[in-house]
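In what follows, a structure is listed as structure tokens, so that the remarks can point back to it.
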């Protein structure tokens with residue numbers, strides 16, 4: 001049944017008029033019957049919502065058919081989604097701005113609200129403060145009403161204040177709001193006196209008979225503007241800032257200086273932006289607030305812009321009255337300004353788009369009065385066709401420019417699209433507490449949404465960040481510090497990206513790796529950003545909101561989804577429901593580096609205990625400024641004990657090789673099989689399935705690539721069952737580190753040295769050893785073995801502990817040697833309680849056989865053992881033994897040599913050995929101890 005409804009939805013997206021109405025009704029009826037038969041409450045609610053959306057669309061389609069004869073403008077979709085209490089509260093809180101209240105729009109004001117009888121003394125006064133810049137204050141002559149400014153009102157009376165000539169030629173003088181005036185210049189074609197004029201629904205009072213704004217008898221004007229998540233009511237009076245000179249402080253029509261409605265629109269907008277000393281914006285943002293049209297910023301200096309497609313879609317929409325176009329320049333020198341005739345970091349209006357032979361042309365207007373005009377230097381235009389004659393071309397400061405020249409000299413192309421291009425709209429409002437710096441590079445705390453479409457019809461998603469007083473404070477502070485260039489960048493950046501996740505529509509941990517990015521939007525310094533895409537029918541996808549350097553602790557946002565077929569949208573859920581985030585730091589003591597260093601075991605470690613079989617996901621991130629290469633390893637370690645020696649078979653899963661800033665490890669199936677970023681290892685401890693880890697306790701090791709790389713981190717762990725995670729104390733916590741008096745070295749023909757070890761009481765200890773190469777790098781590496789031995793008499797000697805054959809290097813080797821199938825294959829579980837850390841465990845006697853020789857440059861370590869002074873006396877002493885084979889003479893001291901100890905174990909620095917213990921240990925001098 002639902003499949004039939006989806007087919008009607010598909011046809012609905014492709015049809016218009018009565019045909020579209022027929023499919024909307026048919027789909028709604030099917031969903032209604034399906035909802036009645038649904039046994040699952042969740043399915044019933046989903047089907048009822050789809051039915052309600054289609055009924056609302058049908059009502060709009062019927063209303064559109066009735067009004068088609070009287071309206072020249074297509075209907076605008078409205079969000080039919082029911083807001084939560086939290087969302088309604090958010091919108092009310094966002095009404096407060098700059099000491100004013102801008103309530104959500106409720107209804108069109110009655111005409112008598114503007115009567116003289118409704119105001120004291122017949123004149124309404126808005127006491128809201130409007131700030132001015134120092135330059136404006138120098139010539140400010142007070143706030144005056146139109147009849148006070150224009151003492152010589154023409155005979156036709158006050159109507160001249162609202163009556164425009166055939167073409168309006170707007171310009172700014174001492175105003176600082178170039179983007180606002182450019183926006184008004186571009187919007188004039190939609191504000192003109194005609195049926196369907198945008199002004200009829202944006203400015204009050206409005207005279208529907210003559211299709212233009214009306215003069216308010218009491219000086220009150222009400223504007224309907226879109227900002228902070230909804231249409232809002234903006235109230236002003238008719239007083240304008242006047243000047244003591246010939247300069248003007250508000251936008252003026254050069255062809256009719258009496259025309260004031262553009263100046264009133266400007267005043268209303270500057271009221272919501274903080275005053276006439278407006279620090280700056282962009283015209284796409286301004287037009288979105290003034291008209292509600294969808295803003296898109298196209299970056300012209302990128303390599304991936306499709307010129308033909310971009311020109312075609314913009315020109316078509318512009319000619320149909322569905323697009324407003326403006327331009328913005330970037331940074332260049334004063335000399336380039338004079339040469340090109342373009343103002344740097346300035347917004348321009350586009351008044352026309354035209355094809356002229358092989359040239360694609362923009363008619364561009366500089367909103368500044370008496371300012372620079374494009375000189376054409378370096379122009380690629382080849383046509384000499386006369387393009388004069390239109391009213392727009394006769395305006396001041398206008399010039400034609402080819403698309404290629406626009407690409408070369410402008411940074412941004414702003415297009416505001418009519419929402420009437422779409423039939424459906426959903427608005428979602430939310431507050432986001434900005435995560436700490438250590439989590440800025442990952443998405444663990446980012447808002448994410450699941451989007452499901454049953455058709456391939458295009459979807460547009462607009463993210464709007466609500467304005468706050470604190471942002472204006474930041475901009476003004478930067479301006480006082482003379483940081484005039486790109487002031488918006490001090491407010492941070494944001495972006496939208498779309499991902500294919502597993503399971504579909506669930507949250508993702510970070511932008512790279514096992515989650516395939518379908519669309520990644522740029523980070524923009526604007527409060528609006530747009531993502532356009534064509535969905536995969538029937539497959540939920542994940543939308544992620546990201547930010548960089550947003551300076552305030554929290555923000556409110558609105559997501560608006562536009563489409564021509566219904567969408568199912570909800571906050572994305574976690575694929576694993578149990579989560580915990582812990583924070584910590586790599587310090588000088590705990591930044592042990594990668595597995596090639598013996599200090600790897602000093603890295604931060606955590607004991608993770610799972611209560612039942614579960615997949616596992618881990619996300620590690622650092623502060624952006626640190627940009628450290630980081631890694632995660634999950635290891636079997638005999639009940640979550642601290643890892644003291646790493647062997648490959650203990651690896652459960654790990655992240656990809658060291659990645660800067662953040663990384664991710666997971667046993668969940670990947671949605672991006674072409675880009676594997678975490679390793680899942682098979683081992684000999686048993687397993688339950690390809691994605692489940694057996695119940696038990698594991699050790700997590702967090703490392704940077706090099707020892708000594710310090711910085712803060714955040715680790716988020718997720719599982720399908722309850723779990724606990726606790727830090728494992730470092731070996732250095734409450735322990736003594738006793739180095740041997742000197743490195744162990746070997747003379748020619750020697751292969752074994754030893755040093756006596758003494759303890760006064762029962763002591764738990766382990767041995768760490770590392771060779772340091774200071775000799776020739778071409779010498780053959782020697783192999784080393786280190787042990788703690790009881791006694792010296794053959795037959796009675798016992799090896800208490802010996803370094804393992806793998807040492808610190810085996811984990812790295814095991815990761816690099818895993819095949820792709822092994823990385824994607826089954827994950828091991830946990831076996832029985834056998835002891836790790838010393839090879840060749842002898843069951844029952846508590847002693848170990850000697851480990852295999854290994855490259856000590858990777859670091860070697862024994863397991864922990866108990867040193868009992870009584871036992872040591874019985875055996876005749878305890879010895880720290882270092883043995884070497886190979887090396888081609890490395891580390892030897894020959895007769896007569898000035899070198900008193902070469903290196904051993906692969907270099908001239910010898911083997912550096914120390915004992916880590918919970919009690920006092922003494923180590924004697926080295927002596928030769930070759931066995932017979």
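The chain as shown is numbered from 1 upward.
Using N, Cα and C of the backbone, Cβ positions are placed for all residues, glycine too.
Marked as domain 'Calpain catalytic' by Swiss-Prot on the basis of sequence analysis: 96-419. According to Swiss-Prot, the feature active site maps to 178, 346, 366, an assignment based on sequence analysis. Taken from Swiss-Prot, the feature region 'Disordered' covers 890-932. Among the features that Swiss-Prot reports, compositional bias 'Gly residues' is placed at 902-911.
Residue 366 (active site) sits 9 Å from residue 178 (active site), taking the C-alpha atoms as the reference points. Distance noted between the C-alpha atoms of residue 346 (active site) and residue 178 (active site) is 7 Å. Annotation for residue 178 (active site): spatial neighbours 172, 346, 347, 367, 368, criterion Cβ-Cβ under 8 Å with sequence separation of six or more. Summarising the environment of residue 346 (active site), the number of other Cβ atoms within 10 Å of its Cβ, over all protein chains shown, is 20. In three-state terms derived from DSSP, residue 178 (active site) belongs to a helical segment. Around the Cβ of residue 366 (active site), a 10 Å sphere holds 27 further Cβ atoms from the protein chains shown. Per-residue confidence over the domain 'Calpain catalytic' (96-419) averages out at a pLDDT of 89.
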